[in-house]
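Asker: Relevant sequence annotations retrieved from TrEMBL are reproduced here:
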BINDING   Lys7, Phe8, Gly9, Gly10, Thr218, Asp219, Tyr224, Arg229  ATP binding site
BINDING   Thr44, Glu116  substrate binding site
DOMAIN    310-382  domain 'ACT'
Amino acid sequence: MSFTVAKFGGTSVADYPSMLRCAQIVQNNPSIRLVVVSACAGVTNRLAEIADKQGKQTESLRNEIYTIHASIQQKLKSSGALELSLSQLHDELESHCQKAIANWAAWRDELLSFGERCSSLLFSCVLNEQGLLSDTLDARQLLKTNSAFGRAQPDEVSTKSHCLEQKQKLDSGCVWVTQGFIGSDDKTQTTTLGRGGSDYSAALLAAGFNATDLQIWTDVAGIYTTDPRICSSARAIAEMSFSEAAELATFGAKILHPSSLAPAIKNSIRVFIGSSQNAAAGGTYISANPTTRPDVRAVALRRNQTLVTVHSLSMLHASGFLARLFEILARYNVSVDLVTTSEVSIALTLDEGGSIANGQALLPAAALEELEQFCRVEIETGLSLVAIIGNGIGRDAHISQLTFNTVNDYAVRLICQGASEHNLCFLVEDSEGENVIRTLHDRILS
Ligand code: ADP
Ligand code: ASP
Ligand code: MG
């Protein structure tokens, strides 16, 4: 029997009309038994601002959040019980902002959780009003993580056993609505999976409940050949493989959280991405065996890259240098994306998303100090990573030629190709990133 988990992103649940469109999708598909929602659009950003200000003098931000929620609540006819639950959550948020902060990162995650807790409550009421039996489930009792606040790592085994304990509920004919993005650690403290983490939550919960299908409903009708906001000629892709989609997500396509496909791949869950604003427009099916595997599928842009170049003459004909460098980076939990080497230097890129935990610098000062004991370190910021994703990159001389012709027109800081036939990446100035994407898209995908 098919069992679908449906995830609705922030713009999909931004306001009452948007929530109604999502409710229609749920109504039309009885296999949807678990719904995962993001916070209403704009709410998490405001909560993050409140966190930066440690809750002080943030009344206007809090009021803006209450207004977003109240505008949905007011559209619901039987809103008495909802009004009470929502105002309890808002009161809790008020007192959380007044609390003395012992551990800012833990306090921040608890604060960020209010967005999803409010939107899930509201969406469940919308479903009820549309005649569906619906209730909420607290994701913190399902999705278990470590205590790395702000970027918690899920514990898939523990999550699965918590999900299976509640599995009976899902067989009861009720549509359960839960929160994306949030979980809890072994001390039941609230954690978050990192920005955009609701896709990941939905995939983890789909795996936890042994779902057959995962639907990600967003504001575009599937995965496009590039971000349609950057390039108006981008086209929706009807189907693609897990590895192509994972590469795209990793290399910056915001449409999917980079980790979200791993649980789906491991558990053979079919994935569909579509637009909640226009469900009839279709979308992208992601599977292990798509019928087509073109040489080039898409191009992606990842902004805010940092390039670290280390130089050392002692590298010349020496062994063990790379091991020493990476041992230091690993000890400081620095995540490296691209690497290129020459005889006396190594260049690597660091991504904000990969390494920043709890607001620490990308390359912690202590790590830099250790590196400087045996090499000269140069750090450049303000760069963008351009990635060409496909199945035969490097095999097709024509594509290489078109790519290098494009690259010729720009100052390229680093090129990486060869580790996999699925991608070719290079770094350009942030200010040129979008132009490079448009030019490349025109030349190799139009
Ligand atoms: P949600 O709030 O539903 O999670 P996101 O804003 O996180 O939505 O992701 C959807 C956005 O991803 C789109 O509006 C689009 O601008 C962007 N995007 C980036 N790359 C792609 C791509 N290759 N295909 C489609 N959308 C993309
Ligand atoms: N609400 C969270 C965010 O804005 C998680 C998500 O939407 O995926 O980052
Ligand atoms: Mg998203």
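Here the Cβ of each residue, glycine as well, is placed from N, Cα and C on the backbone.
Help me picture where these features are in the structure shown.
Answerer: Other Cβ atoms within 10 Å of the Cβ of Tyr224 (ATP binding site) number 23 in total over all chains.
DSSP classifies Glu116 (substrate binding site) as helix under the three-state reduction. Within 10 Å of the C-beta atom of Glu116 (substrate binding site) sit 28 other C-beta atoms, taking all shown protein chains into account.
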Asker: Could you tally the C-beta atoms, other than its own, that fall within 10 angstroms of the C-beta of Gly10 (ATP binding site)?
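Answerer: Taking all protein chains shown, Gly10 (ATP binding site) has 25 Cβ neighbours within 10 Å.
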Asker: Among Lys7, Phe8, Glu116, Tyr224, the binding-site residues in the record, which have a C-beta under 6 A from ligand 1?
Answerer: Tyr224
Asker: If you measure every Cα to Cα distance among Lys7, Phe8, Gly9, Gly10, Thr218, Asp219, Tyr224, Arg229, the residues said to bind ATP, what is the biggest one in Å?
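Answerer: Largest Cα to Cα distance for the ATP-binding set is 22 Å.
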Asker: Give me the non-local Cβ neighbours of Lys7 (ATP binding site): same chain, 6+ apart in sequence, Cβ-Cβ under 8 Å, ordered along the sequence.
Answerer: Val35, Val36, Val37, Ser38, Gly180, Ser198, Asp199, Ser201, Ala202, Leu214, Gln215, Ile216, Trp217
Asker: Check the Cα-Cα distances from Thr44 (substrate binding site) to the binding-site residues Phe8, Gly10, Thr218, Tyr224, Arg229 and tell me which is shortest.
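Answerer: Nearest listed residue in space: Gly10.
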